[in-house]
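Novice: This is the structure, below, for whatever I ask next.
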Amino acid sequence: MIKKFIYLEWKAFIRSASFGKNLTMKIIIGFLMIYFSLIFIAMGVGAFYVLKDMHLEPFSTINRFLIYYFLFDLVIRLLLQSIPVLNIKPLLILPFKKPVIVHFSLGKTVLSFFNWVHALFFVPFSVVLAIEGYNISGIIFWNLAMLSLIYINNFLNIILSNIDKLFIAFVVLILVLGGAQYYKLFDVTVFTTPFFQGLYNINGLFIIPILILIGLYVYTFKYLKNNLYLDAGLSVKEDIAETQNLAWLNQFGTLGTFLKNDIKLIKRNKRSKTTIFMSVLFLFYGFLFFGNSHQPAVMHIFAGIFVSGGFLFVFGQFVPSWDSSYYQLMMTQNIPYRGYITSKWWLIVIATFLSTILASFYLFFGWEIYLTIVVGAIYNIGVNSHLVLLGGAFTKTPIDLSNAAGAFGDKKAFNVSAMLLTLPKILLPLGLYAIGLYLNNKNLGLALVAGAGVLGFVFKDKVFSLIEKRYKIEKYSTINAYKQKS
Amino acid sequence: MIQVNQLSKKYNNTIVLNINNLEIPKGQSFGLVGNNGAGKTTFFSLLLDLIQPSTGYVKSNDIQVNTSEKWKSFTGSFLDESFLIGYLTPEEYFYFIGDLRHQNKADIDALLAKHEEFFNGEILNNKKYLRDLSKGNQKKVGIIATLIGNPEVVILDEPFANLDPTTVSRLKKIIKELAENPNVTVLVSSHDLQHTVEVCDRIVALNKGEIVKDIQTSEETLQELESFFAV
């Protein structure tokens, strides 16, 4: 019976809209995946030596912070990992036994990206530990325990996913614990480190997380099995709707009409709501670069672009897919493409502008740093906003708005043409800034980047005509692709 | 109003639609009947420039639909639920379409008030998003939304499907009323011969993409169609 399920899953996978196309694309995708995996693996390997360099005992330091690692993992899961509920419905009336259905859907979550991505860190890290002379059996037991903890998070997410906004509680928990530790009020790691360390040192302690995992699986299984009804576990929660007029936007004409719609789109759908959350995360991206002497100076502009560009990258990247479920409607209404694109452009510009203002806390690092961010924002508005919209013409992956999963590197949302368009978004300003640095004049570099942004802004109308043309050419294949619901 | 010339649509050498010549005069109420796969939705999609013709063209009010977009301002259409925006409430949806068709809020409110009976109290002020409405209620919203802005061409694909009997008879009344207006051309497709005969002046039957019948509605039409489709 399981064979039948796997058959269904396989078909679903290979028949999705963006899969297939042509061989070159597949090869490029393959290379990119290998490339990113290598980066993660390098991080796993590097962690050991970087920590050692900082005169810390690597293994116990990692153990110390594991509590935060797993808490953070749970937050990410609550936000982004969703449970495949809809695919279950057609199976209910077929001669499958309920336990089989539940085991299978739980088994499916086991293979999720959110689980195996951890292996990319833990496996190379463990290999390094083994090479550096740590006890092999200890490492294996420790890894088994880590695996169990990852899957405990996996099943916790399933049970807890019905509770709204729970992730906020966990974020607060992390902030409180982290803050208390930073100000030396209360150090939670004092209690947790011995446990994580013990998983390695004490033979047999690893049984505990495994037992918890088994218990949790049994509980989740029973919970889902008892709720396998259309009006219980399989029901989709209906929100209480409220009509909003947002009449103040009427003064902007057609543009206002679209903006109204986009605001509602973002507010009322899980997937689009996470883009706001991600944009806020991007705001803090600069901390990795500014005031960090390990990073080359040229990377400052890189950070500058990302700090204000969060919304641009996570929302703009998927225009017009946000409207995919009603794209046919848009195409039969009395709207010029230009108006549609312009409204998206304004949305991106407004968000970039707001991010830049919010990012003013970077002034603590000095006005030069903030200037870099402002320059990045100018470039984002002048050039990158056009590039994401142009990339949108090639984005043919329908977005299921109600589904939160997939905001992170979903296989189905992976699009090479759109990927290639991300390169100039980052490489061009990086190059311009590097020229300035090469000539030993940082301000020249900034001026070059800002100049490119202004230039893009000046030629806005021309670029828009180009984008409009592209959208028109792609219209029919886009409509066709959007008809395929995932 | 609508002229079809040498229109065909092929997918991988399979011809799914082939109409040599078809003219729908202004003000006519035009019914399209046929079995599944006869090409009804394909025809409407071509009319709305949602797919590209393999050969030929469609002209709506002398505008060739796949080269100019001017037809959009006088055409209202509803093919399926993908014409609805799930995260809006019905009211917001009507106002949104209204904005696009340059109607103000009062115009929309008047239209909604006129069709209050059709909504049967299940649509407006219900604190539900469109995505949470039942199929039938979604259809009601889509159908009324096509009427916004007094379009000259109204295209409805399978409007009678999924509706309860009361709503079906109310919908027939609405379509008949539209048909009486000499400026409005109504195009309706359906599997249901009786409903179509009741509301349309002219009926065209499609079979495997070809026009097999083209009749002005009369007393005998229903019987003629029934015997045609009976195997």
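The backbone N, Cα and C atoms fix where each Cβ goes, and this holds for glycine too.
TrEMBL labels come from automatic prediction, so no person has curated them.
This is the feature table in TrEMBL:
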TRANSMEM  A:27-51  transmembrane segment
TRANSMEM  A:66-88  transmembrane segment
TRANSMEM  A:109-130  transmembrane segment
TRANSMEM  A:136-154  transmembrane segment
TRANSMEM  A:166-186  transmembrane segment
TRANSMEM  A:198-219  transmembrane segment
TRANSMEM  A:274-291  transmembrane segment
TRANSMEM  A:297-322  transmembrane segment
TRANSMEM  A:343-363  transmembrane segment
TRANSMEM  A:369-395  transmembrane segment
TRANSMEM  A:416-438  transmembrane segment
TRANSMEM  A:444-460  transmembrane segment
Novice: Counting CB pairs under 8 Å, which listed stretch among A:27-51, A:198-219, A:343-363, A:369-395, A:444-460 touches the transmembrane segment (A:297-322) the most?
Specialist: A:369-395
Novice: Give me the stretch from A:109-130, A:136-154, A:343-363, A:369-395, A:444-460 with the greatest number of Cβ pairs under 8 Å to the transmembrane segment (A:27-51).
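Specialist: Most Cβ pairs under 8 Å with the transmembrane segment (A:27-51) come from A:109-130.
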Novice: Going along the chain, which residues at least six beyond the ends of the transmembrane segment (A:369-395) come within the CB cut-off of under 8 Å?
Specialist: 286, 290, 300-301, 303-309, 312-313, 316-321, 341, 344-345, 348-349, 352-353, 355-356, 359-360, 362-363, 415, 417-418, 421-422, 424-425, 428-429, 446, 449-450, 452-457, 460, 463-464, 466-467, 470-471, 473-474, 478
